[in-house]
Amino acid sequence: MTIGIISFALANSETTFASDHGPIVSINLFVALLCGCIVIGHLLEENRWMNESITALAIGVCTGVIILLTTGGKSSRLLVFSEDLFFIYLLPPIIFNAGFQVKKKQFFRNFMTIMLFGAVGTLISFCVISIGAIHFFKKMNIGDLTLGDYLAIGAIFSATDSVCTLQVLNQDETPLLYSLVFGEGVVNDATSVVLFNAIQTFDLSHINSTMALQYIGNFLYLFILSTLLGVLAGLLSAYIIRKLYFGRHSTDREVALMMLMAYLSYMLAELFSFSAILTVFFCGIVMSHYTWHNVTESSRVTTKHAFATLSFVSEIFIFLYVGMDALDIEKWRVISDSPGTLVGVSGILLGLILVGRAAFVFPLSFISNLTRKAPHEKVDFKQQVTVWWAGLMRGAVSMALAYNQFTSLGHTQLRGNAMMITSTISVVLFSTVVFGLMTKPLVRLLLPSPKHLTRTLSSEPSTPKSFIVPLIGNEGEPEADQNNRNARRPTSLRMLLTTPSNTVHYYWRKFDDAFMRPVFGGRGFVPFVPGSPTEQNGHQWQ
């Protein structure tokens with residue numbers, strides 16, 4: 001019935017698309033499709049194979065087919081792809097919410113491994129894919145590609161899809177894996193974008209060791225400054241809200257300030273040509289550590305759900321659009337005379353992705369394990385296989401970079417460029433559907449989670465400082481609540497939490513309690529202001 005309605009609407013609005021109401025009709029249909037994705041995703045929630053990203057992708061492809069048929073093969077899209085739409089509007093809420101909800105202790109406990117995978121691993125994958133593309137594609141008749149194009153292919157297909165990964169893995173069931181794969185995904189995206197930008201700006205006709213050192217220095221410069229900008233934006237929001245305490249007059253103001261400060265950090269990073277992905281991610285971490293504790297209880301609930309909702313809608317939007325854009329007739333028409341070549345190019349790219357990821361996951365995991373003494377902290381072979389497999393998916397970041405390199409405003413008539421765009425679409429569709437479908441069963445097969453723990457996780461409320469995942473620590477709860485909840489935890493988890501460790505985290509907590517929280521707020525340092533949570537809690541104890 002839904003398909004019939006869409007077909008009828010499109011058939012009766014062919015002339016409307018060319019009129020002033022065209023954008024309104026397109027947006028209405030697209031919003032209706034987003035609602036359909038949410039409803040169908042809810043109905044398939046218990047399916048062991050499907051997830052919402054694959055559902056949105058499938059609906060997008062089906063909608064593209066319907067539009068293609070009703071427009072007589074002229075178009076398959078409701079909206080025209082825009083890099084600005086993706087990088088400026090859709091990606092920020094996804095990355096920020098991930099930083100806001102991430103289990104910080106687990107993330108920083110594995111920080112060196114994450115950096116190995118995200119930075120060094122991406123460079124290894126980039127080299128494997130670029131060398132492989134030069135070796136194979138020069139022997140195939142796919143059009144004229146320059147050295148810059150081949151290197152861009154390496155950067156494009158080195159970018160894993162952290163959006164897919166976030167929907168496939170669950171940080172409550174597999175905290176170590178989630179921390180490694182997601183942390184790697186954030187650093188990987190930042191590294192891929194920096195690589196891509198470097199390829200476009202450097203003079204590739206004179207490659208030497210000096211240029212390589214310059215690139216490494218540029219990457220470290222961008223990484224450090226991008227991280228500092230995100231941290232400063234988060235601390236500034238915490239300080240302003242703590243000092244002025246907007247909640248005594250209006251909770252709307254403090255919620256709005258948190259959202260705007262988060263987005264401002266991303267746009268400032270774009271303005272200064274930093275890595276906006278890293279900036280907004282670390283801004284989310286700092287805001288969840290300080291700012292979130294300085295607002296009223298109602299604002300905490302509001303921000304938690306607002307950030308999660310914006311992230312969720314953005315993810316569905318991206319996959320729905322990618323599915324629809326896969327059938328863009330203009331690009332397929334250019335290479336319609338050589339479907340076999342397209343299949344060969346796509347197959348080679350998939351093979352290079354598999355080899356490139358294996359080339360760093362297993363060796364770097366071995367190196368990482370050498371620095372870990374406790375057996376439970378090591379990444380065993382089953383976990384390595386899961387990390388390798390979960391990072392095989394490619395998505396909107398690869399699409400956006402490919403459009404940037406091989407099209408002009410989303411259009412191209414060059415055979416080589418059209419071949420690379422259609423191959424990118426094919427790889428994104430295949431990897432998202434096939435690898436995405438297999439990831440959830442693979443995780444359950446290799447790393448089955450205890451049923452009693454799963455029930456406990458599903459019954460507890462989720463907050464940015466939730467105790468659910470064992471290795472995060474209870475940063476948002478009074479000590480009395482922590483003691484009560486500790487009693488309900490499995491013995492192994494309680495022992496892990498109560499065992500003192502002279503680690504970087506231990507000394508950071510001492511510094512944080514002594515210097516940072518008295519200035520920027522956070523757990524235990526909410527200011528005593530009439531009408532504040534501190535005063536209300538005090539009256540309850542009297």
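Backbone N, Cα and C atoms are what each Cβ position is placed from, and that goes for glycine too.
Residues or ranges marked as transmembrane segment by TrEMBL: 23-44, 56-73, 85-102, 114-138, 219-241, 262-287, 307-329, 341-367, 387-406, 418-438. The annotation domain 'Cation/H+ exchanger transmembrane' is assigned in TrEMBL to 31-444.
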Which stretch, 23-44, 307-329, 341-367, tops the Cβ pairs under 8 Å count with the transmembrane segment (85-102)?
307-329
Could you pull out which residues elsewhere in the chain have a CB under 8 Å from any CB of the transmembrane segment (262-287), counting only those six or more residues past its ends?
87-88, 91-92, 95-102, 104, 107, 186-187, 189-190, 193-194, 197, 222-223, 225-227, 229-231, 233-235, 237-238
Same-chain Cβ contacts of the transmembrane segment (418-438) under 8 Å, 6 or more residues past its ends?
49-51, 53-54, 57-58, 61, 142-143, 145, 149, 153, 156-157, 161, 164, 168, 319, 322-323, 325-326, 331-332, 334-335, 341-342, 345-346, 349-350, 353, 389, 392-395, 398-399, 402-403, 405-407, 412
So if I exclude everything within five residues of the ends of the transmembrane segment (219-241), which remaining residues of that chain have a CB under 8 angstroms from its CBs? That is, six or more out.
119, 190-191, 194, 254, 257-258, 261-262, 264-265, 268-269, 272, 274-287, 289-291, 294-295, 519-522
